[in-house]
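Participant: This is the structure, below, for whatever I ask next.
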Amino acid sequence: MDLLRRVAVVAVLLSLPSRGRSGGGGSDLHPVVLVPGYGSNRLYARLTAAYEPAAPRCGAREGKDEWFQLWPIDAAASEPAQAPCLAEKMSLVYDPVADDYRNVAGVVTRVPSFASTRALVGWDPLVRQLEAMGHRDGGSLFAAPYDFRYAVAPRGHPSAVGERYFARLTRLIERASRLNGGRPAVVVAHSFGCALTYQFLRARPLAWRQRFVKHAVLLAAALGGFAEGMDGLASGAGSGLPNLAPPARARLARSQQSALWRLPTPMVFGDRPVVVTKNSTYSANNITEFLDAIGFTEGVQPYVTRVLPMWRALPAPMVPVTSMYGVGVRTPETFVYGEAGFEGTPEVVYGDGDGNMNIVSLMAAEEWSGVEGQILKVVRLPGVSHVGFFSDLALKKVVAEIQKAVSSIEVHRKEKIFSFLNNFEFTIPVPLGW
């Protein structure tokens, strides 16, 4: 009789409507929040009277109180005559006394259209696919762009811009859940957005994560930095301003807080040689020596106190994670500088990865597979480059994984039901759709 009563209770539970389902046949999809990579954010700026340009032409907009697009750069701004002006406006200043980063004096910046997918650059193919699934911008589909020049810092160190972004992201995820019947959100991040998302999740209380985040889909999550991060600080490569002189490119790269987050971490890279010169070999274990060698001594303090502590270890985020990344693409692994030292062009030794991120870093999240309570799925995409996630082949696989994550199968409700029955062995007919 006791068994029959339990079966009857299960039948009643399975017949109940979904707790978060909207009336009138509304969508059962969980909301999706997109966190873009470094280059997929828009950045606007305006100049105030406090701006003192290095060259008069750079202050042409000064005092006009008009916003202009700082990033992505347009063709005119990238030309040789204008590139130094753009670099000046995009630079940050690290204040060692305040222990934080800020804009150059007189430059005010903002990230437009927060919460809307209109803010994203290059994500249209994925957005269209998600809309075809039933998502709508501002309804169950949101975006969390950010000022890619900044990052966050460990506890005890201020990070005004990064902390403000995390606060906005918290409110956005809570709002997305509220607008969708209390269903937790699926966070989809790419590249640098994965690093931010990971640190964001680790900074939220576990109860909050379990309540508001159903799943994190991480695309090209290089959670251990990458080799190009060191070369970028040495030469300024990857600044997006090819017409800027190399020394100015390097100064721009070194000014940005996020550049230090790109450096290979000791935990993931260990003693692997990343930069080799005539007299020295630099790995993730002697980054401070590398920073001194390239003349970036002012970067040592923020690296040691604000970056290294955040990446000494990779504790599991304790939310379900799908990690997707490309493999089998030639990826810079070691940069060998010749007689000219850091003034010259390095010879590049290649290894496996996605063309930008090294395989050892892309695989870093896989250590979570042995953590009790951490759900992890890894999807490797042969031949897919770092920026190739929105190509036709990769996009289909990305959408398929997101679709699995957002579908509102009541996993937690069923887990409770079967926990209720865990002392019995019998078969219950399960309706299609489970």
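Placed from the backbone N, Cα and C atoms, the Cβ positions cover glycine too.
Not my notes, these are from Swiss-Prot:
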type     : residues : note
ACT_SITE : S191     : active site, acyl-ester intermediate
ACT_SITE : D354     : active site, charge relay system
ACT_SITE : H386     : active site, charge relay system
Participant: Name the secondary structure element type, per DSSP in three states, that contains D354 (active site, charge relay system).
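Facilitator: D354 (active site, charge relay system) sits in a strand per DSSP.
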Participant: Can you tell me the CA-to-CA distance separating H386 (active site, charge relay system) and D354 (active site, charge relay system), as a whole number of Å?
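Facilitator: For H386 (active site, charge relay system) versus D354 (active site, charge relay system), the Cα atoms are 5 Å apart.
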Participant: Using a 10 Å radius around each Cβ and counting other Cβ atoms from all shown chains, which of the active-site residues S191, D354, H386 yields the largest count?
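Facilitator: Counting every other Cβ within 10 Å of each candidate, the maximum falls on D354.
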Participant: What's the CA-CA gap between S191 (active site, acyl-ester intermediate) and D354 (active site, charge relay system) in angstrom, rounded?
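Facilitator: About 11 Å separates the two Cα atoms.
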Participant: Kindly assign H386 (active site, charge relay system) to one of the three DSSP-derived states: helix, strand or coil.
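Facilitator: In the DSSP reduction, H386 (active site, charge relay system) maps to coil.
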Participant: State the three-class DSSP label for S191 (active site, acyl-ester intermediate), counting H, G and I as helix, E and B as strand, and everything else as coil.
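Facilitator: DSSP call for S191 (active site, acyl-ester intermediate): coil, neither helix nor strand.
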